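Reading through the structure tokens given below for one structure.
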Amino acid sequence: MICHVLVIFTILVSAVVDATASYEPTDVFLINCGDTSNNMDYSGRNWTTENPKFMSSNAVDDASFTSSASYQESGIPQVPYLKARIFRYDFTYSFPVSPGWKFLRLYFYPTRYGSDFDAVKSFFSVNVNRFTLLHNFSVKASIPESSSLIKEFIVPVNQTLDLTFTPSPNSLAFVNGIEIISMPDRFYSKGGFDDVVRNVGRDVDFEIDNSTAFETVYRVNVGGKVVGDVGDSGMFRRWLSDEGFLLGINSGAIPNITGVKINYTDKTPAYVAPEDVYTTCRLMGNKDSPELNLNFNLTWLFEVDAGFAYIVRLHFCETQPEVNKTGDRVFSIFFGYQLAMREMDVFRLSGGFRLPMYLDFKVLVDADGTSQRPSLRVDLTPYKEDYPTYYDAILSGVEILKLSNSDGNLAGLNPIPQLSPPPQSITPLKGKGKSSHVLPIIIAVVGSAVALAFFVLVVVLVVMKRKKKSNESSVDTTNKPSTNSSWGPLLHGTGSTNTKSASSLPSDLCRRFSIYEIKSATNDFEEKLIIGVGGFGSVYKGRIDGGATLVAVKRLEITSNQGAKEFDTELEMLSKLRHVHLVSLIGYCDDDNEMVLVYEYMPHGTLKDHLFRRDKASDPPLSWKRRLEICIGAARGLQYLHTGAKYTIIHRDIKTTNILLDENFVAKVSDFGLSRVGPTSASQTHVSTVVKGTFGYLDPEYYRRQILTEKSDVYSFGVVLLEVLCCRPIRMQSVPPEQADLIRWVKSNFNKRTVDQIIDSDLTADITSTSMEKFCEIAIRCVQDRGMERPPMNDVVWALEFALQLHETAKKKNDNVESLDLMPSGEVGTTTDGEDDLFSRTTGHVGKSTTTDDSVLVVGDERSGSSWGVFSEINEPKAR
């Protein structure tokens, strides 16, 4: 006890004398589970072997065993991931620690360990004292292939930290490494630098006591680079870059400030966050025209588990010399569209220039049944009531911690829930064998071998029959991308994506239905439930999960020309892609010679349905704003396909019937049966392939040369934009020859400045001239004959967002929209300085506005994110 008092006294004195001192932990455990010798990791930290006195003496015989990874990707460090301790039964570690809050970090690498254990199929629970940290947890379902995982928790402990691993039925548990680190007293429970936890949506501040545990969900260095554990301020935390969480393109600006010295204080000592966090930040930008910032927000989206409360810690520090007094920069803070702080003035609250500060907020993310992993949205928007010097906002860091519920539970659901964990393929138990057990084992093995041989024969025959129908490989994924090991829930490592048959597709990618379930969902494929018919077959409206979930069920017809190849392509593509503007594949069925794909249900059908309305009396036309929002959403989906995955994915069949609309008219790209993986190396510029697509939308350069690039999708999307504007078919015979081709007709009218005469008549009183001009510019650039003259989808997204901003700005100013004055930048087919300027400016995402107290939040579409979340092929977060 005296030693503890002396340590605390020393820390307090050092904080007074030198506020820049990092924290020195009093408890440090780095356990390399399963290893027999101490080893140093890549950062120079020393990991020790398991001390027998830390292991429970109550464990049954053979409760655990150790093994080495049979295969380890080059990007995965050997310490602590080469060795593992594997548990057959409940197993408890007991660590003697000083009273207080502790970091607990668990290290996992799901791979095969020897011949005894395949961690990919492992399901287990983890408890610490009275807290449930993980329940029926699958490491493999939580991260991409060939990645490692670190789960970080913060738990209050009296004198012993009891860590228990419990395998789920018919499964084993495992762990590679255990880390326990102490922290400053009540560092995450007392609140921000002002010792307050602001309770968002409530009038009373939130208090945290020792009955609560945390899970670190995100820790982000906003505007800066990744900060590794040894770069932290003594607690070995890991800070990610924020680029993967930003909403919109070119969101904000990062100031270029060098030589900044942070002046830590008693309220914000150096251990709160390293200098790398406080010396970097993200601003809204637009310094020369700050009023532009009133039209958008700085927005981040973070996927979290529904049904939990979260502590969101925001870090701030004013490091720009021009912000040197109170009132220079004032902004509002929102979480999930709820106002959390109306007037945030970092200079005033922190006390001045280069003085760091941090605030804590408690945010509840309700389980509303719409999503298992909703986005926790963080918005910063300028506060304009007091006319600050700069309409701007600033943020340096974000930490998001999940709070345990009243039962002490922190465990969320696995990304793909399963009714029960799969049994281990090989789970031998060490112990004394008996000869009487040998004969039954031999009989079982022989019988299984015969059954397996018969099954393989059937599969081979089916596959040969399918390949006879189609010998073109639509997805070339033979190249094995490099791996990456990272921290926490945001793991962007990838592994081999070799094509698999549908029946062997991992269940964590999508759900496999039996034909009985499919027939039950569609009332045995009842004809009146058909909601669409295409080249693949019929699409049925159905219900799964006892009628709780509406789905779209696409069934391959025996006479379909597309056949099994497109079925496999779409299954292979969509099972690995997750984006809010791509239709979600829920599962598939390949029983009884049936080929069925199950998607999320899109209540508002296709974009074509709403452009070419059958019943114009009961089906109102889409407004110009809604058309822009739909186009932006579809463009973001294509943008993700082109730049957000490990390799470029080319859709090849973009058209209005393949853009679906959900209940909120959010656009989602669908039908990936013709999709191809683009160039897989820097030396490749295109893919040579047989021409496929839909007449009218087909890229003429692709048709002539059979050379496929992502610019082919850009062309098809440009045709969609023209349909949205003019609301007429691409080809018409009952019109004069000069009007027969939509693309030529629009180009001709654009050059003659008469586009206002050919747009959809329903838009005449709604569309604004400046918005239409920019929309036409980008649409016509998309449909240039030469692919090199077409813009990338990044530019298309930005231009459409800008068109939406121009429309809303003009509406606010009550511009006269009856007279449309088009000012084309030049003849179609040329690029002028005016067009270059259109795609070189910087702006943020623009959306509708809502008002809370006097603070205006510009509400963007949170579905555009990014994140987006965790999936196996993510490579460039900014492309989200």
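Backbone N, Cα and C define each Cβ position, glycine as well.
Owing to the predicted nature of the structure, the values given are computational and were not obtained by experimental measurement.
The N-linked glycosylation site entry in Swiss-Prot, when matched to the candidates ASN210, ASN484, corresponds to ASN210. Within the set 37-63, 604-630, 820-846, the record from Swiss-Prot flags 820-846 under the feature region 'Disordered'. Record note: of ASN158, ASN471, Swiss-Prot gives the feature N-linked glycosylation site to ASN158, with no matching annotation on the rest.
Of all Cβ atoms in the protein chains displayed, 12 besides its own lie within 10 Å of the Cβ of ASN46 (N-linked glycosylation site). The Cβ of ASN256 (N-linked glycosylation site) has 5 other Cβ atoms within 10 Å, all protein chains considered. Across the structure, ASN158 (N-linked glycosylation site) and ASN136 (N-linked glycosylation site) place their CA atoms 27 angstrom apart. Within the set of glycosylation sites ASN46, ASN136, ASN256, ASN263, ASN324, the entry lying nearest in space to ASN297 (N-linked glycosylation site) is ASN256 (CA atoms). When Cα-Cα distances from ASN263 (N-linked glycosylation site) are compared across the glycosylation sites ASN46, ASN136, ASN256, ASN324, the shortest belongs to ASN324. In this view, ASN297 (N-linked glycosylation site) is surrounded by 31 other Cβ atoms within 10 Å of its Cβ, with every protein chain counted.
Of all the glycosylation sites in the list ASN46, ASN136, ASN256, ASN324, the shortest Cα-Cα distance to ASN210 (N-linked glycosylation site) is found for ASN136.
According to its DSSP assignment, ASN263 (N-linked glycosylation site) is coil.
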